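This report refers to the structure that appears directly beneath it.
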Amino acid sequence: MARPKIALIGAGQIGGTLAHLAAMRELGDVVLFDIVDGVPQGKALDIAESSPIGKFDAGVTGTSSYEAIAGADVCIVTAGVPRKPGMSRDDLLGINLKVMKSVGEGIAKHAPDAFVICITNPLDAMVWALRQFSGMPAEKVVGMAGVLDSGRFRYFLAEEFGVSVKDVNAFVLGGHGDTMVPLSRYSTVGGIPLPDLVEMGWTTQEKLDAIIQRTRDGGAEIVGLLKTGSAFYAPAASAIEMAEAYLKDQKRVLPCAAHVDGAYGLKGMYVGVPTVIGAGGVEKIIEIKLDRNDKTAFDKSVDAVKGLVEACKGIDPTLA
Ligand code: APR
């Protein structure tokens, strides 16, 4: 049986890391695409030359032509610009919206059956626009944010409790921005919910609140340190987890920016919710019960995403 084909649209910091991870994990053959000629080819050759040493069998090629992504099973989109210190993700909207148009049309033409994972920011608006431009089925176009945001939350919690990251589960809902909603009640250490751990005296509410704020600011913290770009290792690892869930029909329960139509009282918009990812793409949207505070925070996050979508429609009237 032929290997799956994974197309990476954008061969920058995240794109290159994605290519390396996908090849090392032997998820399939990798095609790196970028408009800057030479970069995808150079990164692909470098990774391919590491394969005898890393002992992985995966074709890795670079291209500046959309024809080369033909028939891809998975497309992961990082094309666009990242933020610099002082910028919010929303500041990228105008530039990256134009990029989503060309990428959406390119994928729809050459890989219409692919599972598409968008990483480009501002995430919730860009994945919505990508789906509009591509015209692909909603369950096959998804945004990567929740896995990353909850990964950051889990890492900070594991540090605080001095336990393995493997024993920490966490949930983050809502848009991938300052209004994201880390959910304490649904986040656990060894199966014990965080509020119980506070009651048990293992941590304090103040420390937990500080961790939640650090999670919300997780992307900005990295941008502030790097100064020339934004995070790429953890975003790439997060998208690879989603791609693997699709390719291996794992039915993983992962928080993703999914097209929600009906659940949570929402009508046809992309926002971060718990989903089941398998061979059908987003196979299920899980509607969890929110308490009053969480619901207020989620509604605020939804409103922020709606504002960005309206801004997209203002820039490109074909989206209205
Ligand atoms: N088509 C294909 N590739 C493009 C296009 C386009 N129309 N426009 C830009 N690119 C490429 C750039 O040439 C660059 O190589 O996208 C790549 C982006 O890479 P980086 O600048 O290194 O950005 P990266 O850190 O990978 O982040 C990409 O993901 O997390 C988000 O906010 C981040 O929006 C940013 C995106």
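Using N, Cα and C of the backbone, Cβ positions are placed for all residues, glycine too.
Note that the structure is predicted; figures quoted are calculated from it, not measured.
What TrEMBL says about this protein:
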ACT_SITE  HIS176  active site, proton acceptor
BINDING   GLY10, ALA11, GLY12, GLN13, ILE14, GLY15, ASP34, ASN96, ILE119, THR120, ASN121  NAD(+) binding site
BINDING   ARG83, ARG89, ASN121, ARG152  substrate binding site
DOMAIN    5-143  domain 'Lactate/malate dehydrogenase N-terminal'
DOMAIN    148-306  domain 'Lactate/malate dehydrogenase C-terminal'
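Projection of TrEMBL feature records onto the structure.
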residue: GLY10; record: NAD(+) binding site; Cβ contacts under 8 Å, 6 or more apart: PHE33, ASP34, VAL77, THR78, ALA79, GLY80, THR120
residue: GLY12; record: NAD(+) binding site; Cβ contacts under 8 Å, 6 or more apart: ASP34, VAL39, THR78, PRO82, PHE232
residue: ILE14; record: NAD(+) binding site; Cβ contacts under 8 Å, 6 or more apart: THR78, ILE119, PHE232, PRO235, ALA236, ALA239
residue: ARG83; record: substrate binding site; Cβ contacts under 8 Å, 6 or more apart: ARG89, ASP91, LEU92, ASN121, VAL223, SER230
residue: ARG152; record: substrate binding site; Cβ contacts under 8 Å, 6 or more apart: ARG214, THR215, GLY218, ALA234
residue: HIS176; record: active site, proton acceptor; Cβ contacts under 8 Å, 6 or more apart: ARG89, ASN121, PRO122, LEU123, ASP124, GLY143, ALA145, GLY146, LEU148, ASP149, ALA257, GLY272
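Once the Cα atoms of ARG83, ARG89, ASN121, ARG152, the listed binders of substrate, are compared pairwise, the greatest separation found is 19 Å. Note on the binding-site residues ASP34, ARG89, ILE119, ASN121: the fewest other CB atoms within 10 A surround the CB of ASP34. In the predicted model, the domain 'Lactate/malate dehydrogenase C-terminal' (148-306) has a mean pLDDT of 96. In terms of DSSP secondary structure, the domain 'Lactate/malate dehydrogenase N-terminal' (5-143) contains 69 helix, 25 strand, 45 coil.
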